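**Q** As listed in TrEMBL for this protein:
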type     : residues : note
COMPBIAS : 553-567  : compositional bias 'Gly residues'
COMPBIAS : 738-756  : compositional bias 'Low complexity'
DOMAIN   : 472-541  : domain 'Transglutaminase-like'
REGION   : 544-579  : region 'Disordered'
REGION   : 737-756  : region 'Disordered'
TRANSMEM : 7-28     : transmembrane segment
TRANSMEM : 34-56    : transmembrane segment
TRANSMEM : 63-81    : transmembrane segment
TRANSMEM : 118-136  : transmembrane segment
TRANSMEM : 218-243  : transmembrane segment
TRANSMEM : 586-610  : transmembrane segment
């Protein structure tokens, strides 16, 4: 194998074993550096394994695989020195990473920080894929060398199911690597030598089969490249946009693994609202950045006496995974928060957070909220970036509530619900679409009650049963705590999946920073819709005291018809949530790709076929010229839909041609068959014989094309398959003339084995 071919072969193995790198790197907050580390592992694995196999070939592939493991561990130690995990010393950190990397990946959010303990498992997997692929490839195997990379790609797709675009790129790279390995593979695998002594006997006049010419290999490679590259490019360009809205999504394995975080006893955040309403001027935090509301805590579990916040927080790096449903017309908002006297461990964030810097935290993807990993956030300063949607459309009016698997808990009411609440929910919601019913519930609460800062706290069944009155009557006063709970409970009683969100308005102040006070705290309800996500509704009454008015001037945490949004008008909240993910229009890009590749295909295939026929006419070796002409006839027969049987002799092929092409000169066909047999088995072939074979072959090809239907004639010269068939001429048929002088010789009998 030449150096160039060996380099191309090694590069193909690197590409195959590293095909999953893009998909694996998508699970880190810095995909570029992560991909570079994994690519270095793939290159080193192939180089080290190939070198070990070359230096000590007698020790076999197992030694080559094991010889690279110390090098891989040394790489982990070097990485631990730059990117340590919980353990700071390089060697112990590398050992800790080898032992715990897989478990930590499954208990961390998908956008994990690039540390040695979180990348050790993918790095070793890439290394083993490269080393195993190299060992298989050096044993003469082509497609089996793809198996380690394919298995790694399947594992990466399972680990990062949301990285759709990276998955298509990885699959396309694996397909291209497979095509290259097939092109570079030897035509046949050397069989194991039988026991005994093998003696090669060459008969007189025997001509060894000529090696496949460079042009033939190039032609086959071009056809294979077109066959693989065009679909792969189309898959990369078109598939993400076409399938992005497909409702079927793979499950994330992280969701079935328990978080290692220990549960902490924290006070229910709703309990703060009543006390804060009575003392609205106490500063909680200072915010610098665009004027937007902040989300604090989501509460989805209702026990009857109280609402509980979600507790599935997982350790996360600064970058956060994108939400399953993207907000519509979202604007990026980045704020710096200096917390003063805010109780609890929850981290206020703008909209749906995408990045949080300055503190260690856990993240709950279902609620989009964050929890400090090191105790209360009071006294901490951090920067949070999020996507704040513009909720000003009307898409929710036609949406259906999300009641499928995984959403049952949002529609479940515990036992003990007062019959009055069920009846009030039915009357207040009325009939209509789910959005209309939710809007009527929010309007019922806004219009029937008042904000009372001195109202008693509590938000369970007992407090709501005492607070709520029949629709059409005037009720008493309450706080945001009671009204948000009432909306969520009534919505569930009406069959709508709901939860409570607690957050803050933007606060008051100038460019030096806005002060968020206790009076800016507010709670609202949210309904979950299929394909839209959580849509906020404001149930807080309009009639309020001065303290309550300050709480109401803030915008909702989602930037829309939550607290402070446009939902405080008599009309129902104009609630919408996410559209499908934004992206580059697919069909124009796909059209450009086809426009770029199609002309190349239309020119390259006829040109390669014409070049082969031209080379046939210019051949100096008469026997080879006759055999090439016969091969072109066999290829044309197959293309015309009248292929010769695989075991047919030359005479049988000519008889088949006579039946397929009426009016053919049988004598000329028989003479051509005799020339072909002589050329194949060492008989005399003159230049006139070779020219006659070429002339007869061209005539037969024309007649075969003319005898076919119009659609075969139209696609004749643009069909790429003849290029591959020509490169495998030995598989078309055998060249044996029964009764001739060379009938005792076989095309495969070129060696005799003498056994001891």
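Note: Cβ is positioned from N, Cα and C throughout, glycine not excepted.
Remember, TrEMBL labels are computer predictions, not curated facts.
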**Q** Over the domain 'Transglutaminase-like' (472-541), what is the model's average pLDDT?
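**A** Within the domain 'Transglutaminase-like' (472-541), the model's average pLDDT equals 89.
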**Q** Quickly jot the same-chain residues contacting the transmembrane segment (34-56) by Cβ under 8 Å, restricted to those at least six beyond its ends, or write none.
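**A** That would be 10, 13-14, 17-18, 21-22, 24-25, 27-28, 63-65, 67-68, 71-72, 75, 79, 114, 119, 122-123, 126-131, 133-135, 138.
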**Q** Which residue counts does DSSP give the domain 'Transglutaminase-like' (472-541) for helix, strand and coil?
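**A** Helix/strand/coil tally for the domain 'Transglutaminase-like' (472-541): 17 helix, 31 strand, 22 coil.
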